[in-house]
Ligand SMILES: Nc1ncnc2c1ncn2[C@@H]1O[C@H](COP(=O)(O)OP(=O)(O)OP(=O)(O)O)[C@@H](O)[C@H]1O
Ligand SMILES: Cc1ncc(C[n+]2csc(CCOP(=O)(O)O)c2C)c(N)n1
Ligand SMILES: [Mg+2]
Ligand SMILES: [Mg+2]
Ligand SMILES: [Mg+2]
């Protein structure tokens, strides 16, 4: 499809958010926020790095790419309002497949009441989706990685390792009907926006979303807060069906598999009750998995208790550039 026609085909007929003063159709979009802080985030998904023909249909490529970005808005404690999509389209991709990618994004955008307000279209060699999401959070209510305090509880939402297990099943072409749950968790992650919205009454909370695996994200909170995060391996929430796989696979997936798009955070014991209520209210499983400590020489790192010993939880998740 010709570029102008393509842009026309993905232009929304109306905008859901009143803050959008100008959407698609000019040199750039305009958003007007007055009483709230604006959140901006961008993540990119590339064919054969983040998805392949074996693992993801065009619809799910769009869905997942937008979900990964909305997850970062949730990790800041906000709500997502609008998004911009830069797409690199190789020649062999058909018009229908590209429309399917947009259908996947539009389905999720509808769930979160978001608007597509711009982007860019170019031809190239690997299908690439680079998405910018704009969000909003009550003034001074953003949840930073640096907000952990000594004595805090470390918690995670949902279960960990599901997405990596789903990826394994898709790549190995295992009986995916029996394991459809894991495949769905890989293809259609649900960002925890409802939960963070329900947490608005909480005074202080550190948050990070699980894109690379908690072995990374726990270290990121420890580093930003200049404290030590101690995690008990036996408390990490995992699906029962994960027991069908080896202990080594389970550990790898839960700690370093990534792409679960759950949240890992820290909160004071005093505010835990409010968090539990928010979790119940939004049907979000939450599990205490550790504690924040102040150990001068080890601050900035995460540790894990497993098989009766404490070990450094090395950053072991997915990294794109190897030093
Ligand atoms: N190429 C870049 N140019 C400018 N800033 C960048 C670039 N890459 C990452 N950043 C910034 O670095 C910080 C960390 O980014 P990172 O992508 O690691 O976080 P994330 O999106 O939470 O993780 P993930 O990419 O695994 O989902 C963010 O503030 C991000 O905007
Ligand atoms: C086909 C295929 N192969 C491998 C993976 C696994 N994978 C790719 S990127 C990433 C970390 C998050 O990336 P980022 O840091 O860019 O957010 C992971 C776990 C996949 N999803 N699909
Ligand atoms: Mg990123
Ligand atoms: Mg993140
Ligand atoms: Mg991200």
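Here the Cβ of each residue, glycine as well, is placed from N, Cα and C on the backbone.
What you see is a predicted model, and the numbers here were worked out from it, not measured in a lab.
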Given that TrEMBL annotates 50, 318 as substrate-binding, name the residue from 100, 247, 259, 262 that shares the site. 259
Can you find which of 209, 212, 232, 240 TrEMBL lists as binding Mg(2+) 3 at the same site as 27, 72? 209
Which of the binding-site residues 27, 41, 212 has its Cα closest in space to the Cα of residue 120 (Mg(2+) 1 binding site)? 27
Residue counts (helix, strand, coil, in that order) that DSSP gives for the domain 'PurM-like C-terminal' (149-297): 71 helix, 27 strand, 51 coil
Mean pLDDT over the domain 'PurM-like C-terminal' (149-297): what is the value? 97
Can you list the residues of the same chain, besides 50, 259, 318, whose Cβ falls within 8 Å of the substrate site's Cβ centroid? 49, 211, 212, 258
